[in-house]
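Asks: Structure provided below as C-alpha cells; questions to follow.
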C-alpha cells in the first residue's frame, strides 16, 4: 500500500439508512490485554480489526499467548494468567497507538523480563512521562528517549508496591496504566482522577472477576482502588460499536439536509457520551433506541436527523468525555449558527498531532473563521458551503475523517492528504461513508 492515500470528497447528497460502525477501539485493546492475563479461554466478538488493536494482539502473541483470529471480529484468547507472559524476542511495536503503549507499560512494569515498546514516527513524539513517572513511584524501572518519549525500555521488576496517585490531568490511559501495574503490586493501588474519564478498564476488570472499587469524591473527582495479587477469570466479551467512529456520521447527519440515520449497537458508556451531550446542547436531533447492557457496557441504536445547530460554549466538564471527538465536533461548530468556544482541552495538542492547530488550519482553508487558543478553539460558524481546498491531515486518522464530513456541504471537491492511518481505527470508513450518502474516493499517490 502506498504511504500516501488521499481522500477526495465530492459534495454529497443527504445521509440516510442504518449502519453499524466497527467495534470500539478502547474495548478491543483491553479485551486482548485482560484476556491474555486471565486464566481460561476468552471469546471476543465485534473486535476492531484496525491496525492499533491488531498491534496489541500481535504483542501478546509475541509474549507467548495463543490467540486465534481475528476472523470477522471473532477472536479466541487462551489466557496464561497474570504471571504467564514470556519475554518476547523482539521489541513490541505499538504502531500509532498511544493507548496500547501506555496500558502495556502498566502490565509490563510488573514482569520478570526486560521488554521494549516502540512505535511509529507519530507515537515516538508523544509524552510518556505521564505513565513512567507513577510507575517509577511503584518501583518500576523504565528508560525513555529524551524528553520522556518512546521507545520505552522496561526492566524486570517483581516487587512493585501499590501507591495512592492523584492524576495531574484527566486521562483514562494513565489511570488504566497505573491500575494494570497495580495488579502486580503489593498492597492497594488507588488512583484519584480530577474529572471523569472512560472507565472501560474498571468495568472489564470487574467483569473478569477482579474487584475494583470506584467512589465518587465529589461532582468531578473519582477514587478508584484495587489490591494486587488477585486473578482474572476468562469471560466472553461482545465489543460494542465505537462511539468515536459513530461520531463522524452523527455530525454528517446533523449537518446534512433531510437526513435520517440510525447507527446500531453503539457503546454509550456514560464516560464516552460527551459527543452526544455536546451535539444535543448545539440543538442536534439525537435519540437513543433499543437501549441494553451487553457485558457490563451500555449500548443503544443512535438515531440522528437533520438539525439546525447553534454555537455554544462547551462545558469543560464534558471535555474529557469527548476528547477524541473534537475534530468532528469542530466541523459541527463550523455549520452551526453563531460562536462555539472550546476551552480546557490542551490535551488535544499532544494527540496523534496538535489537533487544535491542525484543525484550525483545515477549517480556515475551507473558509471558516477558526481561531486556535492555548487550550481550545473559537469558531464563528454559519458556513453554508465549504470552499474547495487541499487539507493536510498530518497522518492523523481523526483529522482525515472529520474533514471528509466537512466536504459533505462543500462547493466542490475537497482533497485530504495522508489518510493511510484511517485504517488504524476505522478500516471500513470510506465504504460506510459512501453507503449512507457521502461521495468519497481513496487514491494512492
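Heads up, the Cβ atoms here are built off N, Cα and C, so glycines get one too.
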Asks: Report the candidate from 98, 147, 148 that shares the phosphoenolpyruvate site with 25, 126, 173, 355, 398, as recorded in Swiss-Prot.
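Replies: The candidate from 98, 147, 148 that Swiss-Prot ties to phosphoenolpyruvate along with 25, 126, 173, 355, 398 is 98.
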Asks: Could you state the CA-to-CA distance between residue 324 (3-phosphoshikimate binding site) and residue 173 (phosphoenolpyruvate binding site) to the nearest Å?
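Replies: Roughly 13 Å, rounded to the nearest whole number.
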Asks: Do me a favour and check the Cα-Cα span between residue 355 (phosphoenolpyruvate binding site) and residue 26 (3-phosphoshikimate binding site); whole Å is fine.
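Replies: Spelling it out, the Cα of residue 355 (phosphoenolpyruvate binding site) and the Cα of residue 26 (3-phosphoshikimate binding site) are 20 Å apart.
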Asks: Anything within 10 Å of residue 351 (3-phosphoshikimate binding site)? Look among the binding-site residues 25, 98, 126, comparing CA atoms, and list what you find.
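Replies: Within 10 Å of residue 351 (3-phosphoshikimate binding site): 98, 126.
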Asks: State the Cα to Cα distance, in Å, between residue 126 (phosphoenolpyruvate binding site) and residue 171 (3-phosphoshikimate binding site), rounded to an integer.
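Replies: Given the Cα positions, residue 126 (phosphoenolpyruvate binding site) is 14 Å from residue 171 (3-phosphoshikimate binding site).
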Asks: Compute the C-alpha separation of residue 26 (3-phosphoshikimate binding site) from residue 173 (phosphoenolpyruvate binding site), stating it in Å without decimals.
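Replies: Counting only the Cα atoms, the answer is 10 Å.
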Asks: Give me the long-range Cβ neighbours of residue 171 (3-phosphoshikimate binding site): same chain, 6+ apart, Cβ under 8 Å, in sequence order.
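Replies: Result: 130, 193, 197, 320, 347.
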